[in-house]
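The annotation substrate binding site is assigned in Swiss-Prot to ARG36, GLY251, ASP252, THR284. The ATP binding site annotation in Swiss-Prot covers ASN38, PHE39, SER40, HIS41, ARG77, LYS160 and rests on similarity to another entry. The K(+) binding site feature in Swiss-Prot is assigned to ASN38, SER40, ASP70. Look at Swiss-Prot and you will find GLU225, ASP252 tagged as Mg(2+) binding site. According to Swiss-Prot, the feature site 'Transition state stabilizer' maps to LYS223.
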Amino acid sequence: MSRRLRRTKIVCTMGPSTDRDNNLEKIIAAGANVVRMNFSHGTPDDHIGRAERVRSIAKKLGKTVAILGDLQGPKIRVSTFKDGKIFLNVGDKFILDAELPKGEGTQESVGLDYKTLPQDVVPGDILLLDDGRVQLKVLSTDGAKVFTEVTVGGPLSNNKGINKLGGGLSADALTEKDKADIITAARIGVDFLAVSFPRSSADLNYARELAQQAGLNAKIVAKVERAETVANDEAMDDIILASDVIMVARGDLGVEIGDPELVGVQKKLIRRSRQLNRAVITATQMMESMISNPMPTRAEVMDVANAVLDGTDAVMLSAETAAGQYPSETVAAMASVCLGAEKMPSINVSRHRMDKEFETIEESVAMSAMYAANHMKGVAAIVTLSSTGRTPLLMSRISSGLPIFALSRNQETLNLCALYRGVTPIYHGEESRTEAGAKAAPQSLKEKGYLSTGDLVLVTQGGQGATQTNVCRTLIVE
């Protein structure tokens, strides 16, 4: 091997900061592997224009960059106040009124964007406003009104979010706006489509169905934000198996289950997603201080590093790159932390699946290659010629410490591989199912500077024709 590669991928959110000062090119050059379009903000034309710039810059820099479209989901929020803001003290009585018009909120009451809240709560429930900064105990309900008492006081301003401790709000995961945004996502051709606040596999299946009807074959990302989706193993597996990618959305999830529980849930989600052959993104406030500071805190460094040690495929930046003052510096700092964490030998070898049966020939070949990589002395890299990206995904579920090069002439496949941990997507124009194509792959990587003469590599590829089988070859770079 002639260069060291970062295995953990970085997802960056686009916004006003990436629209100025050539920052979009700077964050891609600094190491962004996936760019996130937050459909909560901006118009369809904004998103389409940004996608075009991403693809143009990626081509210019010779990089593979995937696009993730993130649907807004239900707006479970208070409405607006006459004066824009109030201050609630502990013990105050406060009414949430679904019939109160916008702009009519006072010290005593405020309207609701989420009109069915009174039907979702019972006396004793705790409502968490503005990520838990203000907390209300439900005393009673009467028609459209929820009568509460303030248990944690503080300022409350327009359009702040509402969560229920322990979850249980019944809002549909997909709104009419989301359905329109799926059409925009299809026009863009996003690689990944994130669904906010899914309650169960049914929400994810519905999103996939709507995407396919729009002509979009994107991988579905489940943003795990509701307490009920992590309440037990069955609920967690239901969400994971219905998705292609899991996002550990620690903001709303942390509010609903409590931050002390979040630590274990993050680790369990990452571990279980990998076991079930799903990719996983860890998100929310990973380098929050770099919105306004040029360096991360030590705590943020440790947070990113711990997600890497947990086995996450990717770590995500939100406001840090969308609205921050130092977007490219944040990406560079995150990349550096990932590389540092990846030096830990304990994360480089996995015994996962040693006692499991394989369900397909493709999986058996992929796992055989990874077993050989972990037990054969001197292997420098794993090379897989892939038309769909499935084999690189399966390989990346096993830790080896070795780079996995996914070679394909299908750009959509390369974009998917941009998210998978340890996988470096490389364009390869040769036919992927022939022996000549397999032998040409290491030479191509040598020419690009990834391999050196004498390197030992494992090469896998699919078969050609109905009578051919998938194969794994051991080759020496000439």
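Glycine is treated like the rest: Cβ placed from N, Cα and C.
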Chain-internal residues near THR284 (substrate binding site), provided their CB is under 8 angstroms and they sit 6+ positions away:
VAL248, ALA249, ARG250, GLY251, GLY254, MET316, SER318
Can you tell me the CA-to-CA distance separating LYS160 (ATP binding site) and ARG36 (substrate binding site), as a whole number of Å?
23
Spatially speaking, which of the recorded positions ARG36, ASP70, LYS223, GLU225, ASP252 is closest to ARG77 (ATP binding site)? Use C-alpha to C-alpha, please.
ASP252
ASP70, ASP252 as binding-site residues, winner by CB count within 10 A:
ASP70
Quick check for you: of the recorded positions ASP70, LYS223, GLU225, ASP252, which have their Cα within 10 Å of the Cα of SER40 (ATP binding site)?
ASP70
Can you check which residues sit near HIS41 (ATP binding site), meaning Cβ under 8 Å from its Cβ, same chain, 6 or more apart in sequence, and list them in order?
GLY15
Collapsed DSSP category at ASP70 (K(+) binding site):
strand
Maximum Cα-Cα separation (Å), residues ARG36, GLY251, ASP252, THR284 listed as binding substrate:
18
Name the residue among the recorded positions ARG36, ARG77, LYS223 whose Cβ has the smallest number of other Cβ atoms within 10 Å.
ARG77
Taking Cα-Cα distance, which of the binding-site residues ARG36, ASN38, PHE39, ASP70, ASP252 are within 10 Å of GLU225 (Mg(2+) binding site)?
ASP252
I'd like to confirm something. Which of the recorded positions, ASP70, LYS223, ASP252, has a Cα closest to the Cα of PHE39 (ATP binding site)?
ASP70
What are the non-local neighbours of ASN38 (ATP binding site), defined as same-chain residues 6+ apart in sequence with CB under 8 A from its CB?
THR13, MET14, GLY15, ASP70, GLN72, SER318, ALA322
Can you tell me the CA-to-CA distance separating ASP252 (substrate binding site) and LYS223 (site 'Transition state stabilizer'), as a whole number of Å?
10
I'd like the number of other C-beta atoms within 10 A of the C-beta of PHE39 (ATP binding site), please.
24
So if I draw a 10 Å sphere around the Cβ of GLY251 (substrate binding site), how many other Cβ atoms end up inside it?
17
Reduced DSSP assignment, GLU225 (Mg(2+) binding site):
coil
